[in-house]
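Database features, via Swiss-Prot:
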- 58: active site (ACT_SITE)
- 107: active site, proton acceptor (ACT_SITE)
- 61, 103, 513, 550: ATP binding site (BINDING)
- 105, 551: Mg(2+) 1 binding site (BINDING)
- 106, 107, 108, 109, 128, 253, 325, 326, 327, 553: substrate binding site (BINDING)
- 129, 281: Mg(2+) 2 binding site (BINDING)
């Protein structure tokens with residue numbers, strides 16, 4: 001893109017007729033014309049580079065912003081929320097002076113192009129968001145979705161993604177404590193690689209992304225800037241995949257976790273010495289984002305000299321330097337008298353650091369190269385005033401037919417033997433089978449503070465050794481439910497994550513989300529998106545869990561075929577003492593099994609309908625958010641007061657899936673009795689929401705029943721922990737050994 005002579009601001013003003021490649025950079029004609037209108041002239045090549053990446057779908061949220069406003073407009077009152085939407089990550093108060101920051105992001109398209117690096121840099125990016133808030137990262141989670149488990153391309157993509165996540169996180173010394181792995185043909189050619197991270201700090205250590213104080217220095221530190229990731233935000237993250245297009249591999253970033261580890265320690269030491277006024281990590285859009293966001297969020301302007309940026313490749317043009325998404329880089333604003341100390345800390349940690357500019361008392365972002373001014377813009381127009389589209393949306397014509405194709409009318413097992421066979425088939429199916437072949441590649445217990453990790457209902461980390469204070473996090477989403485009804489599907493995702501946190505004994509506090517959808521240019525996809533946002537915002541309001549931030553990933557489709565709408569929801573909770581946590585595994589024989597909540601004939605989008613009939617149709621389970629909240633309160637109280645020794649939420653696969661998982665984890669069987677008013681099939685396979693199964697010591701039975709009765713929660717005794725099999729009275733008996741073989745051999749057989 002570089003031209004001779006240098007395309008300075010002065011040169012651009014004098015050459016209005018020069019044609020710039022705006023379309024190649026992802027801008028629409030009207031967007032380019034708006035840039036010209038803002039500047040009062042044509043942009044320079046460097047300015048065009050900045051606007052193109054910052055006005056991309058990935059960075060500007062131009063198609064989603066009009067809907068995302070609901071998260072603010074409907075936000076519930078929360079005393080816990082310290083920093084909300086708009087910063088690098090949300091921050092919540094968890095008590096005892098501690099604050100926790102958490103966020104979920106996506107790295108979907110890069111992970112298909114280059115699975116290992118795409119996934120690894122996804123972890124690196126979300127961890128830097130956490131550091132930028134002032135926190136020490138303490139854990140990561142990874143909700144993943146791939147195409148059909150037996151498809152050859154899944155065998156190409158999944159091992160690389162898993163190795164990238166594990167390799168990067170393990171090198172950072174961060175435990176991987178949660179996530180999901182889901183297989184569905186709709187993700188063929190468009191896997192979803194979502195990554196989340198948690199960080200811990202004291203309240204007074206919170207940092208924000210803003211540049212203030214004229215004369216303060218802008219320091220770029222971390223890795224050298226190279227040619228990797230150029231245009232990643234505008235090319236990879238903001239377009240539909242098309243196999244006919246040229247290779248997009250150069251747009252995938254390359255990660256170095258050891259450099260990131262040094263960056264973490266260096267940054268935290270600078271924070272501890274109060275050296276930093278403002279800070280921004282360099283992720284999507286690189287320096288274009290860091291400089292424009294710091295300048296627009298502060299009280300002044302900024303002047304930057306690109307010649308001072310340390311380069312890995314000396315042939316890079318100024319446009320490429322501004323667009324590069326090379327990893328492991330951060331930008332700090334530091335008072336002049338503290339610069340030497342900041343640079344000394346960087347040198348101690350072997351981190352390259354350079355003063356590249358300073359905060360000015362104006363309101364312009366000016367960038368220089370070889371003595372010429374190549375950028376002169378109002379930073380707000382780059383970072384915040386991009387186009388906002390109210391894209392047309394319409395309920396798709398096929399939605400009615402899809403919902404009318406009722407899963408409740410599918411053929412059901414006609415004998416006990418057939419029921420038994422379908423249970424085995426369910427627990428051995430790729431989505432319900434053990435993912436230990438995958439999760440064993442992650443370190444769950446590094447740092448020594450992990451209390452719960454996969455395959456528990458939520459991951460849990462101790463953050464204060466003396467008091468036992470801890471936090472739990474769960475991520476959930478069900479694209480099949482959302483395809484049937486995106487409003488309900490988003491609420492079901494939140495409900496399940498909320499429930500998964502509560503079953504461990506933690507109180508849900510706040511939400512982050514990763515919203516994965518197809519092309520916003522398709523009115524049917526935009527309808528799905530609008531409905532999902534509306535559903536999630538309404539549900540967060542009712543459950544009292546504000547959305548603290550998150551990510552939108554659009555254009556998740558290959559050609560004309562979009563993925564299922566897949567809102568992934570992360571819920572963070574707090575527990576006063578991790579010693580009182582409740583695990584999934586059955587603990588002792590003789591304990592009584594209770595089912596909490598109502599069971600109805602709800603099979604739309606269910607695991608049973610998929611595994612047995614390869615069917616998707618009907619309506620997803622009903623959502624009762626008041627009941628969900630009540631269930632959560634009872635689970636938390638029962639855990640805190642020692643009334644239950646095990647708890648497991650009921651979701652995909654229904655009761656039988658939950659009981660089998662608890663039995664296999666604890667190495668103890670269960671004898672179940674079908675309650676009056678239910679048939680065995682509905683009892684075992686229904687996916688009604690707002691339910692959990694708990695193991696109650698006999699000494700606590702009366703107290704537990706009294707509490708549930710007093711609060712109005714339906715509770716049904718369904719069996720006992722006993723023996724070395726799962727028995728459904730009058731129907732079948734399945735030895736744990738047979739269940740374990742079915743549950744644990746599927747994934748290695750497909751992928752190893």
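Each residue, glycine too, has its Cβ placed from N, Cα and C.
What Swiss-Prot annotates, mapped onto the structure for a quick look.
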{"residue": "61", "record": "ATP binding site", "Cβ contacts under 8 Å, 6 or more apart": "68, 552"}
{"residue": "105", "record": "Mg(2+) 1 binding site", "Cβ contacts under 8 Å, 6 or more apart": "122, 125, 126, 129, 194, 195, 196, 514, 550, 551"}
{"residue": "106", "record": "substrate binding site", "Cβ contacts under 8 Å, 6 or more apart": "122, 192, 193, 194, 195, 514, 516, 551, 553"}
{"residue": "128", "record": "substrate binding site", "Cβ contacts under 8 Å, 6 or more apart": "260, 263, 281, 282, 283, 328, 330"}
{"residue": "327", "record": "substrate binding site", "Cβ contacts under 8 Å, 6 or more apart": "121, 124, 125, 223, 228, 229, 253, 254, 255, 256, 259, 260"}
*Using Cα coordinates, what distance in whole Å links residue 325 (substrate binding site) and the residue listed as 'active site, proton acceptor'?*
13
*Using a 10 angstroms cut-off on Cβ to Cβ distances, just flag whichever of 58, 107 is the loneliest among these active-site residues.*
58
*asked:* Using the alpha carbons only, what distance in Å do you get between residue 103 (ATP binding site) and the residue listed as 'active site' once rounded?
replied: 16
*asked:* I'd like to know which of these binding-site residues, 129, 281, 325, 513, is least surrounded, judged by other CB atoms within 10 A.
replied: 129
*What three-state class does DSSP give residue 129 (Mg(2+) 2 binding site)?*
helix
*Within the same chain, and leaving aside 61, 103, 513, 550, name every residue whose CB is within 8 angstroms of the centroid of the CB atoms belonging to the recorded ATP site, in sequence order.*
85, 104, 105, 512, 514, 515, 547, 549, 551, 552
*Quick one: largest C-alpha distance among 106, 107, 108, 109, 128, 253, 325, 326, 327, 553, binding substrate per the record, in angstrom?*
20
*Work through the binding-site residues one by one (108, 551) and point out the residue whose CB has the fewest other CB atoms within 10 angstroms.*
551
*Around the Cβ of residue 550 (ATP binding site), how many other Cβ atoms lie within 10 Å? Please give the count over every shown protein chain.*
26
_C-beta crowding around residue 103 (ATP binding site), within 10 angstroms_ = 27
*For residue 108 (substrate binding site), name the DSSP secondary structure in the helix/strand/coil scheme.*
helix
*Rounded to the nearest Å, what's the C-alpha distance separating residue 513 (ATP binding site) and the residue listed as 'active site, proton acceptor'? Just drop the number here, would you?*
14
*Hey, how far is residue 108 (substrate binding site) from residue 58 (active site), Cα to Cα, in Å?*
12
